[in-house]
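S.K.: The annotation disulfide bond is assigned in TrEMBL to Cys2-Cys14, Cys9-Cys27, Cys21-Cys36. The annotation domain 'MAM' is assigned in TrEMBL to 42-95.
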Amino acid sequence: FCPHGYEECQNGRCYSPEQRCNFADDCGDNTDENECGGSCTFEKGHFMYLEATPVGLRGDKAHFKSAIWQESSAACTMSFWYFISEKATGSIQILI
């Protein structure tokens, strides 16, 4: 049995309401991620490396597009990190 306020996984483990649909398999059998309206497998993260050429032309662009991720809960968040070298003369524009 699980403590008050916790749900039981199919394998007998327990998980808190905050662990439901948080894109992490807290149960070990994915019970806490079932019926969440979407799935994502980015727990290890993804990255994209772009390097400007020394002769890059003004206005050159790179586009990074991904599949649409459905929100699994009201607490769903996305994190995005970037690094621009101090030698870079360009800029970044992020459209979500």
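Just so it is clear, glycine is given a Cβ too, placed from its N, Cα and C backbone atoms.
Note that TrEMBL annotation is computational and uncurated.
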S.K.: Which of the listed disulfide-bonded residues (Cys2, Cys14, Cys21, Cys27, Cys36) has the least company, meaning the fewest other Cβ atoms within 10 Å of its Cβ?
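M.R.: Looking at the disulfide-bonded residues Cys2, Cys14, Cys21, Cys27, Cys36, the Cβ with the fewest others within 10 Å is that of Cys2.
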S.K.: For the C-alpha pair, I'd like the distance in angstrom between Cys2 (disulfide bond) and Cys9 (disulfide bond), rounded off.
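M.R.: Between the alpha carbons of Cys2 (disulfide bond) and Cys9 (disulfide bond) there are 9 Å.
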S.K.: Take the C-alpha atoms of Cys14 (disulfide bond) and Cys36 (disulfide bond) and report the distance between them in angstrom, rounded.
M.R.: 17
S.K.: Across the whole of the domain 'MAM' (42-95), what does the mean pLDDT come to? Round it, please.
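M.R.: Mean pLDDT for the domain 'MAM' (42-95): 70.
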S.K.: Calculate the distance in Å between the alpha carbons (Cα) of Cys9 (disulfide bond) and Cys21 (disulfide bond), and round it to a whole number.
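M.R.: About 13 Å separates the two Cα atoms.
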S.K.: In whole Å, note down how far the CA of Cys27 (disulfide bond) lies from the CA of Cys36 (disulfide bond).
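M.R.: Answer for this pair: 14 Å between alpha carbons.
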S.K.: How big is the gap, in Å, between the Cα of Cys27 (disulfide bond) and that of Cys21 (disulfide bond), rounded to a whole number?
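M.R.: With distance taken Cα to Cα, Cys21 (disulfide bond) is 11 Å from Cys27 (disulfide bond).
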